[in-house]
Structure formats: structure tokens, C-alpha cells
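> Got these off TrEMBL a minute ago, pasting:
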- B:6-23: transmembrane segment (TRANSMEM)
- B:30-51: transmembrane segment (TRANSMEM)
- B:71-94: transmembrane segment (TRANSMEM)
- B:106-125: transmembrane segment (TRANSMEM)
- B:126-416: domain 'NADH:quinone oxidoreductase/Mrp antiporter transmembrane' (DOMAIN)
- B:131-149: transmembrane segment (TRANSMEM)
- B:161-182: transmembrane segment (TRANSMEM)
- B:202-228: transmembrane segment (TRANSMEM)
- B:298-320: transmembrane segment (TRANSMEM)
- B:326-346: transmembrane segment (TRANSMEM)
- B:367-385: transmembrane segment (TRANSMEM)
- B:405-430: transmembrane segment (TRANSMEM)
- B:450-469: transmembrane segment (TRANSMEM)
Amino acid sequence: MNSIIFTAAARLLVALLFVFSLFMLLRGHHLPGGGFIGGLIGAVAFIVYSLAAGPAEARLALRISPEVIAMVGLGIALLAGLFSFFMGDPFFTGQWYWVGGDSYETSVFSINTVLVFDIGVYLVVLGGILSLTYAFEEET
Amino acid sequence: MSWVLVMPIAVPFVTAVVAYLARNYPAGRWISLAGSALSLVASAVLMVAVLNEGVVAAQMSNWNAPFGITLVADYLSAVMVVITAITGLATAIYALGEIPEETESLGFYALFQVLIAGVTGAFLTGDLFNLYVWFEVMLIASFSLLVIGGGKERLDAGIKYVALNLVSTLVFLSGIGLLYGVTGTLNMADLREAVANAENQGLITVIAMMFMVGFGVKAAVFPLFFWLPASYHTPYFTISAVFAGLLTKVGVYALMRMFTLVFVGDVGFTHEILIWVSLLTMFTGVIGAAAQSDFRKILSFHIISQIGYMTLGLALFTPLALMGGVFYLVHHIIVKANLFFVAGLAKQYAGSTDLNRIGGLYKSAPLLAALFIIPAFSLAGFPPLSGFWAKYLIVKAALELDAWFIAFVSLLVGLLTIFSMTKIWGMAFWKPHPDGIDPTPDRAPARVTLAMMIPIIALASMTIVIGFYPEPFVQFAQTAAEQLLDPSDYVTTVLGVQP
């Protein structure tokens, strides 16, 4: 697409979309958001970039092929599920470590496998959507 | 305890991830092979647990049934998981011989492992919506596997396959939605009670029919089977073997599960329909096969005809018939996957699967001929191979009900099966090669032949073992059938309380 307005706007939009997608990812679980919607917004960021700069440039910007991102995401999600094995809990039982308290209300923040799972989902969605859209864009 | 149930699903998933990352290296295929072997171990462990305890259940994420996702294995699930792992391992070995490197680097092994994970998950889940998810996992993986390697023919087959399967999934999903609206639960064990107590039994029957259609497309029963012969003859033989062995059986399994556990309120209506559907499936399948002259197309139609026997076992709804159905399911997966393996090797030797263009295999590859005879005759129901016992149980169950017509059709279809098996035998093995050449095994590299021969020999010997020593298998099927007909153990184990 050869529109200066769009190219200029895209630079701003891509960065904003990215920040928003990470925000969505991190606020998930307790508030609306999460890996899936975050991944979709992240994919939109890349799609906007590829519309502005072309799919070849967008692939370079991604550095890793989207298929690998998706598969690594699947692996991360699996690890998050398998982690509860070491705690003697069933598959996918969330493991929570509260920092500065012992529950959501009292603690400052938490380290948990649920977020790890969400990051996995984020990568799966991002990689999956991008592998589709790049393939479409490169074909036409 | 719960990990026993998770491992058969988790192992192929992990293997898929690792195999994908190693897809450009030779290590990828060995990772896939090792993963399949590990899956077999995991499923054997599950089998031992089920044999010891009858029914094993686990609540994922510690959310108790009926709210969370339950994984549950009774005898039927356990044997299906084991047989899936066996087929998976056999296929992983066979793939070493057939799959070219450029297909490997497209992520073939990862997709294959995801397919196995999907099939295993469908056998193990105790939650209806989760079953839908596993169906989707299977569908996505199988669609990719169907078209991988490219070509117009494969794409054409793939589109038919995916379109019709999506329709089935939609019907299934609508059924789930309605059922949830009526009962407020999707846990299968919980549904049994909830469906029995539902006020509007008419609506329940409608929902039952939606499930029958949805699973019927997956299982390829009459008149919903047309996607199967349109697609199974195009992909790699490795793929069509695993499809033929496992995919339609998931539909049969789902039918067996739902129509013994949940939809048993109006057996006179639903199972009567199933009887006629089964008979027509058996008959049209075998007639369709008679009209074909391609190795794989004949085998594809035979899948349909054999599916009829399995659903018939369910439809007759007696302990003996269900026992026959379960036995048939297990026997058929081994035999059918093996026949497709043989077809692949026959193509390696003779150059085609079109029966008019090949021949002379008996003379040049007597071992392959012998190995074809075993599954082929087993499929047709020759004593003392495994198919004989399977058919015997079904026919005996029909006779016990004085259902002469059903018994007659079963026997007739068996006879017609022999007809098309002898057709393959005569044209591919006995008749001289039309090009006048001698299809020697030397045409394929030794590594390829070896990788393809091992699974064929292994599965053929399993057929023989089941045939000559059916006692433990029949007893197992009997317990499985008893559990299906009286699922109180299943319900109690899942819900953790007396119903």
C-alpha cells in the first residue's frame, strides 16, 4: 500500500497496538483480557505493519517464523499445565505464589502458572494468525 | 493417579512441539518415533490402572465434576487408547519409509502427533464440550495431513473432507448447546441422570438424533459417508492408514458412549434407527467396494461397510452385541490400518494402486502376498482370524434376538467382502503385470522396505494372535460391554458420589 498517511500512522498504531496487546495479556485472569485476545491484538499489530511495509518486511520484523512461534507457545502452555505434576496436583491446576500477601486482595502481585499458560496461548494465537495472514498476503 | 490419564494425551503433544522444532533435521523423525513409543508405554500404564480399578477418573485443574473437565477411562476407553498408541507407533515406523524429506520439513510429524493426541483425548474425555474440542483438534490436524505434500487431487479431497466434517461438527455443537439448555450440564456422567430426569423427553430424542447425525458423519455411516471414499485414496499411505484405522472409529466410539450412557431413554426409537442405518451402511459400503478398481478405494469403501457392523453391535443393544461391537472396533483398527500399509508397499513394488495397472506381486513378493492375505481374510471374517470372532459375536447376538434378517445381511456382507478381497488378490497379486515387467522388491531401497515391512508384520501377527487366542480379548470385550450397559461404576467414579 503506497499511502504516506497510512505508513506514517502505521508506525504509531503498531506500537500502540503492541502495548495494548501486552496490557490485555497481563490483566487477564482477574479482569477481562488474557492470552487469546492479547494474541489477536498482537497479530493485528503485525498485520497493520505488513499492510504498510509489505509481508516480506513484516516477516523480517517478526524475526522468527510464525509457525515456530505458535509451536513454542503450545510448548509453553503445556509446560504450564505439566508444572502442577511436581506439586502433586492434577494436570493444569494453577500454581500461585503471592508476593507480599497470601491472596489476590492482600498481595502486591503474584507469580503463577496461569500467566505462563496465557503467554503460551498468546504465542499460539499470534503465530497461528500470522502464519495464515502472511500466507494469504504473499500469495496475492 | 490423575496423571495416568493425562500422559497418553500430553506425551504426543510434547512430542509434536519438539518434533516441529526439529523438523528440518533427521532427528525430527526419531523424536516422533520415540514419542510414539512413549505414548504406547503411557497408554499401557493406563490400561493396567483400568484393569486394576475398573474405571479411572481424574478432575483436571482440580475443578470437580460436573463443573470441570473430567478425564475418565473405562475398559472401552482404555482399549481404544492402547490401540491408538499401537497404530500410532506402527504409523510412525511406516512414515520413516514413505514420507519424503520436504514433507517432513513442513511439520509432518508434529501434525501427526497432534492428530494422535486429538484421537486419544476424544477417547478419554468425560465432558461433552471437551469432546467437541478434541474433534476440532483432530479435524485441523487431519485436514493439514490430508493436503500435505500438495497436488490438485489432494486439495480437492481435502476440501470435501473438511466441508462435510465441519457440517457434522456444527450439528454436534448445536446438539451440545440444546442439551446444555435442557439439562444445564455437559459432564457425560452427570448427563445420564439429568437426561433421564428431563421433563421434555421429546426434545431429548431430537437432540439424540442430532448427535447421531453429527457422530454419524464422523463414523461414515449411511447415508453420510460420501466424504470418506472421496478423500481417503489421495494422501500418503501413512496418512490414509492412520485415518482408516482411527478417525472413523472415534465417531463410532462417540456413538457407543453417548447411546449407552446418556441417550437410553427411548431405545426402541433411536436404536431401531441405528439398526437400519447399520444394515444399509454395511450393504452400500460393500457394494460400493465391488464397483471400484483402485486398491485404496476398495479399502475405503470397506471401512464404511465394516463401520456398519460396529454400529450394529451398538444398535442391537444386548450384552453380546455390544461385546461384539467392542471386539469389532479393536480388530478392525488393526486390520484396516494394516491393509492400507500393504497397499502402500504394493505401490512401492508395482508402481500404482490402480488394480488394472499392477500385477504379478505374488510371484515377485510372496512375503507381501502372505501378509496381505492375513488382514484381508480377517476383514472378510475367515476363521480362525480375528474378524471371524468379531462377526461371529455380532451374528450370534442377532440370532439370539431372532433377528434373522439382520443375521442374513451380516453374513451376506461378509461374503461380498470376500469377493472384493479376491478381486484385489487376483488383480494385484496373481495376474501378471500388464507392462510385462517383474515388480521386484529391489525397486524400493532396503531402508524403505524395512520401515514399511515392520509395521505390517507386527499388525499381522497381532491379527493372528487375536484370532488363535481370542479368549482374553473376548473376556475383555465382555467386561467393556457390561460397563457400557450398566454405567453406574462410571457415573460413581466421575461424580465421586453414589448417584
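Each position is counted from 1, following the chain as shown.
Any Cβ shown, glycine's included, is placed from N, Cα and C.
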> If I count Cβ-Cβ pairs under 8 A between the transmembrane segment (B:367-385) and each of B:30-51, B:298-320, B:450-469, which range comes out on top?
B:450-469
> Per the definition of 3+ C-beta pairs under 8 A with sequence separation of 6 or more, do the transmembrane segment (B:6-23) and the transmembrane segment (B:71-94) touch?
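In this chain the transmembrane segment (B:6-23) contacts the transmembrane segment (B:71-94) - 3 or more Cβ pairs sit under 8 Å.
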> Between the transmembrane segment (B:71-94) and the transmembrane segment (B:202-228), are there at least three Cβ pairs closer than 8 Å, leaving out pairs fewer than 6 positions apart?
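No, the transmembrane segment (B:71-94) and the transmembrane segment (B:202-228) are not in contact.
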> At an 8 Å Cβ cut-off, counting only pairs 6 or more apart in sequence, do the transmembrane segment (B:405-430) and the transmembrane segment (B:450-469) clear the bar of 3 or more pairs?
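Counting Cβ pairs under 8 Å, fewer than 3, so no.
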> Any contact between the transmembrane segment (B:202-228) and the transmembrane segment (B:450-469), i.e. 3 or more CB pairs below 8 Å with pairs at least 6 residues apart?
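These two stretches do not touch.
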